[in-house]
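Novice: The following block contains the structure, expressed as structure tokens.
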Amino acid sequence: MSLMLEPNPTQIKEERIYAEMGLTDEEFAMVEKILGRLPNYTETGLFSVMWSEHCSYKNSKPVLRKFPTTGERVLQGPGEGAGIVDIGDNQAVVFKMESHNHPSAIEPYQGAATGVGGIIRDVFSMGARPVALLNSLRFGELQSPRVKYLFEEVVAGIAGYGNCIGIPTVGGEVQFDPCYEGNPLVNAMCVGLINHEDIKKGQAHGAGNTVMYVGASTGRDGIHGATFASEELSESSEAKRPAVQVGDPFMEKLLIEACLELIQSDALVGIQDMGAAGLTSSSAEMASKAGMGIEMYLDDVPQRETGMTPYEMMLSESQERMLIVVKKGREQEIVDLFEKYGLAAVTMGKVTEDKMLRLFHKGEMVAEVPADALAEEAPIYHKPSQEAAYFAEFQQMKMETPKVENYKETLFALLQQPTIASKEWVYDQYDYQVRTSTVVTPGSDAAVVRVRGTEKGLAMTTDCNSRYIYLDPEMGGKIAVAEAARNIVCSGGEPLAITDCLNFGNPEKPEIFWQIEKSVDGMSEACRTLQTPVIGGNVSMYNERSGEAVYPTPTVGMVGLVHDLKHVTTQEFKQAGDLVYIIGETKAEFGGSELQKMLHGKIFGQSPSIDLDVELKRQKQVLAAIQAGLVQSAHDVAEGGLAVAISESAIGANGLGATVKLDGEATAALFAESQSRFVITVKRENKEAFEKAVEAIQVGEVTNTNEVTIHNEENEVLLTANVDEMRKAWKGAIPCLLK
């Protein structure tokens with residue numbers, strides 16, 4: 001590979017070799033202007049990865065600026081490895097979500113595993129100890145053998161990495177829709193805890209300070225991974241397996257412990273993960289953020305393959321590597337510290353004052369580029385945006401209630417839809433109890449992890465109903481944030497902030513860019529109303545296969561603060577005789593619903609609507625009632641409507657059922673997906689206090705009959721279902737489809 005002669009600057013220009021690396025003609029002309037000369041092969045490589053959408057957000061920056069990113073608890077917003085939010089008592093929570101979609105489509109096990117590894121490094125590079133992992137996954141329909149393979153391997157990859165490294169995977173979501181068949185989405189989220197004084201930044205301050213490389217050695221895996229993530233998948237993508245990195249969770253476990261010990265040392269100046277674009281992004285970004293330059297000697301890079309060129313070393317995305325800056329003269333302490341963990345720490349450069357990134361190899365300077373040009377000065381594009389053709393058509397459709405003959409059969413069929421069915425097959429492969437801090441395990445509205453040494457907990461969830469967002473990006477964007485907050489509140493937490501993972505098709509298509517703009521508008525409005533700022537995130541574009549885009553899927557990862565663990569609330573019924581309440585009104589809203597998809601095989605019409613002020617009021621009332629000790633169980637009403645929510649609360653309990661009376665047209669009462677609704681149970685003696693605190697309607701009570709019976713307002717039975725049979729259908733659906 002490396003014995004081939006690299007093309008010279010003139011050949012790069014004349015033969016348009018830069019275009020193969022992902023640069024446009026205009027961008028190459030900009031590079032020429034910045035340097036005042038033609039770039040060589042290595043320099044062209046540096047610009048091509050740093051100016052890719054994946055690293056520069058050149059197509060999405062104008063949209064991302066709409067997000068609210070500040071708040072009284074926000075200690076670090078977007079721009080560093082991960083965002084940080086204050087949780088009181090000198091402690092803070094650090095969290096971020098990232099995508100690993102393209103690699104997972106091609107090499108699902110390693111693609112998913114290294115996605116987990118990368119997001120963990122983003123969190124501990126801030127100085128935090130990772131305490132929990134979540135994920136948000138999208139696949140095609142499980143009837144397809146290829147989808148089964150991708151699903152099984154992605155879950156195995158997440159489990160393999162998370163379990164080995166000893167961080168519990170506590171929650172997440174999995175949804176299935178035909179549009180993800182060729183392009184699955186794998187979004188991984190990591191949550192960590194930190195004391196305020198331990199917060200570190202990825203900045204290279206102090207001229208003369210030493211640049212060191214720590215962790216695993218560099219190979220040829222993942223070269224141009226960032227560029228690969230910035231183009232559409234095609235048949236030829238299979239050939240890009242080398243662009244998928246290979247992870248080693250045991251190496252990463254050692255790296256976490258070594259870095260967390262390093263962070264206690266005053267020798268450390270700055271630290272950054274070598275993620276997308278490897279050594280290039282970590283060095284250029286650390287220099288640029290500090291207003292400094294960096295010189296690096298590439299002969300000193302630990303290499304696990306022979307004859308690597310500067311281009312290959314700079315663009316490799318080998319895993320489990322960090323770049324650190326330490327005070328001059330303190331290098332040996334760092335070497336000794338890492339040696340204790342069996343890890344390499346080598347000096348490979350120094351911080352300079354002139355803002356240049358200079359690379360040397362075999363005694364020659366092989367690249368000289370302004371650090372800011374790579375990190376900050378990528379061109380920004382305001383892409384044309386055009387309302388999707390389908391949108392007006394869907395908006396004009398009048399709301400129709402699907403025809404349902406047999407309510408019980410329909411409920412059982414919904415419980416067996418893979419998007420609604422139990423995800424136990426998934427999370428049983430994850431060790432969600434390791435570190436013994438998990439208070440609420442997977443399967444409820446949000447996971448809860450205790451904050452050791454305090455009475456507090458962290459509630460966390462990932463949410464996004466991409467069908468709603470496809471039908472109406474702005475409304476759907478509001479709903480994604482609101483549903484995440486609703487899940488946090490149902491678990492007894494106060495929503496704090498979000499991280500987002502914006503998964504979309506090709507932004508060069510005006511209709512796709514319109515989806516991006518509108519959904520971000522909706523999310524931003526919801527974040528402002530619910531006071532949950534965006535503290536970081538990730539953009540994943542070009543999620544298309546053969547020109548067909550996935551649904552717009554801006555996933556929301558939210559963390560909330562449980563002020564006292566005695567407030568922790570779960571969705572399952574607690575005891576017979578408790579009263580069942582519903583909060584929120586039900587309308588005949590079926591656009592994008594599970595029922596619509598099940599009956600028609602497609603989605604159409606208007607998405608459910610949401611009033612954010614009403615949402616906020618209800619969330620505040622529910623949280624106050626939970627904190628006052630008035631609530632036995634709480635569950636948000638989502639996919640499948642009230643019938644599914646009530647059934648899930650019964651399935652999670654032991655031997656309990658419920659008798660409930662619902663007003664209005666039966667199909668809507670049972671299965672509509674109207675927003676801002678909760679199913680709450682309350683002890684009989686708390687009835688008066690609860691009704692004073694919360695606007696809710698009592699609809700029935702919890703029974704010990706092991707049956708769910710739902711009546712209409714005339715008291716006619718709409719359905720009676722045995723809870724054991726429902727549980728069997730709900731739990732057995734995914735294993736059955738995988739056989």
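The backbone N, Cα and C atoms fix where each Cβ goes, and this holds for glycine too.
As listed in Swiss-Prot for this protein:
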- HIS54: active site (ACT_SITE)
- TYR57, LYS96, ASP500, GLY537: ATP binding site (BINDING)
- SER99, HIS100, ASN101, HIS102, ARG121, GLN245, GLU317, SER318, GLN319, SER540: substrate binding site (BINDING)
- HIS100: active site, proton acceptor (ACT_SITE)
- ASP122, ASP273: Mg(2+) 2 binding site (BINDING)
Novice: Could you state the CA-to-CA distance between the residue listed as 'active site' and GLY537 (ATP binding site) to the nearest Å?
Specialist: 12
Novice: Provide the number of Cβ atoms within 10 Å of the Cβ of ASP500 (ATP binding site), excluding the reference atom itself.
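Specialist: 31, counting other Cβ atoms within 10 Å of ASP500 (ATP binding site).
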Novice: Within the same chain, and leaving aside TYR57, LYS96, ASP500, GLY537, name every residue whose CB is within 8 angstroms of the centroid of the CB atoms belonging to the recorded ATP site, in sequence order.
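Specialist: In sequence order, the nearby non-listed residues are LEU64, PRO78, MET97, GLU98, THR499, CYS501, LEU502, VAL534, GLY536, ASN538, VAL539.
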Novice: Could you say whether, by DSSP, GLY537 (ATP binding site) belongs to a helix, a strand or a coil region?
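Specialist: For GLY537 (ATP binding site) - judged by DSSP and reduced to three states - the answer is strand.
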Novice: Whole-number Å only: compute the distance from the Cα of LYS96 (ATP binding site) to the Cα of ARG121 (substrate binding site).
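Specialist: The separation of the Cα atoms works out to 10 Å.
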Novice: When you look at TYR57, LYS96, ASP500, GLY537, which the record names as binding ATP, what is the longest CA to CA distance in angstrom?
Specialist: 17
Novice: Among TYR57, HIS100, ASP500, these being the recorded positions, pick the one whose CA is nearest to that of GLN319 (substrate binding site).
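Specialist: Out of the listed candidates, the nearest Cα belongs to HIS100.
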Novice: Compute the C-alpha separation of ASP500 (ATP binding site) from ASN101 (substrate binding site), stating it in Å without decimals.
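Specialist: For ASP500 (ATP binding site) versus ASN101 (substrate binding site), the Cα atoms are 15 Å apart.
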Novice: On a C-alpha basis, identify the one among TYR57, HIS100, ASP273, GLY537 that is nearest to ARG121 (substrate binding site); the candidates are the recorded positions.
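Specialist: Of all the candidates listed, ASP273 is nearest in space.
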Novice: Return the count of C-beta atoms lying within 10 angstroms of the C-beta of ASP122 (Mg(2+) 2 binding site), excluding that atom itself.
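Specialist: Result for ASP122 (Mg(2+) 2 binding site): 27 neighbouring Cβ atoms inside 10 Å.
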Novice: Measuring Cα to Cα, how many angstrom lie between TYR57 (ATP binding site) and SER99 (substrate binding site)?
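Specialist: Here the two Cα atoms lie 14 Å apart.
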Novice: Would you mind pulling the DSSP three-state label for TYR57 (ATP binding site)?
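Specialist: Reduced to three states, the DSSP call for TYR57 (ATP binding site) is coil.
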